[in-house]
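For reference, TrEMBL has these:
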{"type": "BINDING", "residues": "Ala28, Gly29, Ala30, Gly31, Cys32, Gly33, Lys34, Thr35", "note": "ATP binding site"}
{"type": "DOMAIN", "residues": "7-457", "note": "domain 'UvrD-like helicase ATP-binding'"}
{"type": "DOMAIN", "residues": "458-787", "note": "domain 'UvrD-like helicase C-terminal'"}
Amino acid sequence: MNPAVERPLTPQQRAALDARDVSVSLSAGAGCGKTFVLTERFLSHVDPTQVEPAHLEELVAITFTDAAAREMRDRIRRRCFERLQSAQDDQEAAAWQRLMRSMDGARISTIHSFCTQLLRSYAVEAGLDPQFEVLDAATAELMKLETVDDRLRALLLAGDEDVLNLAAKRGLDRVRTDVARLAGPLALPAVQRWQHATVDEVVAAWQQYFASEAAPAAIRELLGCAEANVLRRLARVDLVVKATLGDHLLALADALQGRELTPADAHALLERLNQLARVSGVCTAKDWADPEDFAEFRDTCAAFRDRIKKSILKKPFDVPAAREAAGQGLALLRLVGNVTQSLERTKTRRNQLEFDDLLARAHRLLTAPENDAIRREVAGSTRLLMVDEFQDTNPLQVAIIKAFCGDGWREQGLFAVGDFKQSIYRFNGAEPRVSNELRNALLPTGRLSLTRNFRSQPAVTAFVNAVFHQAFEQYEPLVPARPQATPTPAIEFMWTPGENSSNDDRHEPAADSVDATGAALTLKRGRRAGAARDARVLEADWIARRLVQLLQSEARLVVDIAGDPAAPRPLKLGDIAILLRTLSDAQVYEEALRAHGLSYYLAGGHAFYSQQEIYDVLNLFRAVASEVDEIALAGALRSPLFSLADETLYWLVQRHQSLNAALAAISQPPAELDAVEAAKVRRAAATMARLREEKDRLLVADLFALAMELTGYDAVLLTEFLGPRKAANIEKLIEQARTLDRSSPGDLPGFITQLSEFVSRAPKEALAATQSEGDVIRIMTIHYSKGLEFPLVVLPDLDRQRHAGMTLPVLDETLGPLVSIDAEEKEGLIGIDLYRHAEDVLEIEERRRLLYVACTRAADYLLLSSSIDDPAQPKRDWLQLIDQQVNLVDGSLRQPLPAGYEAPQILVTTARPQIDDEKSAQPRGADLETLVARTRQLAAKGASELPRGSDAIPADASARRRFSFSQLTGALALQAEVEDDSAGIAMPSGGASLEVEREARELGWLVHAVLEQWNFQRPPALAEFCESLAWLQPERPQEQTVARAVRLLEEFLASPRGRELASAQIVRREVEFLLPWPPVDQPTTRYLHGYIDCLYQGADGRWRLLDFKTNRVTADNLGTVANQYESQLLVYALAVERALGAPPAEVALVLLDGGCEHRFNWSDADRTHAMRRIDAAMTRLVTDLT
């Protein structure tokens, strides 16, 4: 018999295939062959050699993606072919052949396709036309946006109170964006639950949730953290020699015991823990039997108190702010409900459904009491429902699955395969909690597992088990199915200098590579402003160098599982995958790989509408649709569509006033153009004329195809880097045009509107799928790598800061509408803070699972990398998780592993990888130095001629339109020499030393930075705040400068003006303005641009303008100093007057060093005189440049 047919099964696989009389939840670890088990289980039911095989239509298999459905169908077909080849007789062979041919009709699909089939089968009962259309995501989004705009317009015209209030408080654009994001089928449960609620009811729900859920969860989180576990271990009497300290530790241990608490008790416990978890005034090293225990206790207490400070329980519930947020939230919810109802009516009228509708209507069909007969019929017609990737389902999907299986789903009819540890799709609504609940609801005999790993070598599984065995409840260790065939260590830590490391760290190796027996790594500490990207660039360079090392070494690091798993071979480019959390920084790694001559392929990504080729097409169609859109036409002409040079565009506009006019009169191109550019212009003119002629006669897709034919744009893209991907994106865009043509034939304006909206909002849309090309490194997100495996995996940027908490509105069925309000309007917690805290906890849990998925993609070698200031003190959750089990400094284990676990061997690299052959790492392409040298030689011999269009275009200084006041300072100072000394602006004295000037500049920067970010209502500790901002300076200010800034700010904040700011209704800092000049209601050609230090609305409702200065001033020179800034403050006042429609109630120069102010009041004559001086300064500045 064919050995391919009789594959050996592990006991776990055999148990999963033989469990026929019970519903099964199969927990399949990473690389443990779940797809093989699914395939074999499906095939075992329809095996024609059985006595009573199931009919193909009696089995349903639900997969996560269409690609997974195709893969399962292909696998089953291949297995059928194998069984056909090994058939014992013609009758058996014919049976397998019939099954193989009928596989296209197998019910293997995504849950959305499954719901579509169900709704078409029971369309009448579901209240649908069976011929309904399922909208693709782009078309559904466009319909929603059109509905949002239509409803907002109608409600504004009708004077709807909710819309007007929201627009006034949140801004109309923000309201539109929020409604567009929230409206749709998923909003209906929350809308129906809360649309008639009052503000008091919403606030009461938040307070109840805080008491019953948030507070207990916060205590559990605090008592379950790593620091609390360490304190429990150290809070023992036998570790200390001081009796009173023993009592203190016993009290600490008692406080750390988990117990149910009311919110009031929780606050008291927090304060008690904060007092007990400290060493100051409690103990010293001599009070402990082991000084190392004292050091660990001291450091852990500090970290634990820091956690307490950040606890949600440290903030009170802010009832006034909560009422304001609830009022805005209810108004937004009602508006979302209004738009959603309108959207539902539109879809009903057009007989269309979107993806979320499919799930909601299928759930309604299967769970409505009046449809009991349908539910029984559906359950009776299906022998087995198989679900792949069950951990990525949501409550609605699980409810559909249960209803489909019937009332007996716990006992039989369900075969769900998933792994809680690999649930990483919360952004798609996945809730691994529901899959765990279903698993626990099944009979014990149906809770099976797969733990034998067929992907990774023992070196990799040992590391995964060591790191994650305490990270997940009921963790089942991976058991490698093959022996170690390659050298160890096969796990490598590579730590590059962090963003706060000194320059020496960044260029000189801190130590050689060490393994678990090597010396500890120490890095210098320092701070540099804006160094995060630099650190990431350095890390990417080290990664590229390390990969070059491994590729050049010829070391046998990987094996071919499909070949001889016992025969290692050298590494190839195609064996390597770089897995990122997000592709936002992919360019950094691309540049590093290119710099070292390493070919790569960027896989996946969801920035479809951010690709340059999409911009080019949008510009083309905008220019075709409108003969006055000069910006779009310029973008199209200078793109690869027409490839006109920028100089050509200049000469076209210079001769014809506009690009459209130039194309219309192109029979005589400008004389400055050479023959090639002139030919390109004529071709562009003919192409645009043809497309504009055809735009009203052709479908959008046909017009698109014609544009590609006339321009050859798709062919040009193929010559560029990642050309096949770009050309595929164009094909995908054409397919979207075809989809739009089906519902709105030839609607070019609609297509432009849709594309414009998506380009501006950049929704997640996958790039067009293409095959990776040859032997290249693959760069992709961890999410994209799910289900894949690679011989060598690189996980960079492990210490990356996670995103801040969300601030977007949420409609939650439990908590109701949740919106944020301005920080100045609240002092404590409101509903969205409670929601955000719960979401943060869930996000951290998912990030842990994401790291597990990333590590388990590696088959033979795993390289973990990060820029980090000090590996001994990791700051972020991923490195902290690893460091809990494995010392980041030397790779040694922190604590013994459970019995049966293998200890991982880890290489730690902290030195810049040295490349043996630097020439192999040179970037590809032309040698620019040689090219420049050759060009100079030709120019010296007069052997070359510059094209006519390349002559330098002189700058027209008289065309200057925009000025800043600082640019006018010199011109005003020159005027002051011939006017009264007190009327102008005095230039700084040249006698001051560079050191004094530097100190004054640093003081001014620091004071302004503090005042820009200062929270007047809830002020932080001033000295610490100044210190933290001082570190952001490229060169940190001296201690005396920081101390001086603290003194000046303390005096100002305690002054009447500082107290007035603290009680102000609104405070705005660094207010940018663009003031037409002259500031009169007539056409203008010049503008003054600047920033106002502070503009605030006082308790009386009037606006006041402040400008802060740190000049040294006394009572004697106050007037002189103030005169230096009079013109500047006048411009600021005019800008405020133009924006608000009335002059500010007060304009004051705040001189912080003297603790005084100067208020300006201008007469009409003063204003006229100052404005004339500014006019003259502008003219002088332009004249000097001409």
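Using the three backbone atoms N, Cα and C, a Cβ is placed for every residue, glycine included.
Features per TrEMBL, on structure.
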residue	record	CB count, 10 Å
Ala28	ATP binding site	26
Gly29	ATP binding site	26
Ala30	ATP binding site	24
Gly31	ATP binding site	23
Cys32	ATP binding site	27
Gly33	ATP binding site	21
Lys34	ATP binding site	22
Thr35	ATP binding site	17
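Report note: the ATP site is defined by Ala28, Gly29, Ala30, Gly31, Cys32, Gly33, Lys34, Thr35, and the residues of the same chain whose CB lies within 8 Å of the CB centroid of those residues, excluding them, are Asp419, Leu450, Asn453, Phe454, Arg455. DSSP classifies Lys34 (ATP binding site) as helix under the three-state reduction. In three-state terms derived from DSSP, Ala28 (ATP binding site) belongs to an extended strand segment. Mean pLDDT for the domain 'UvrD-like helicase C-terminal' (458-787) in the predicted structure: 83.
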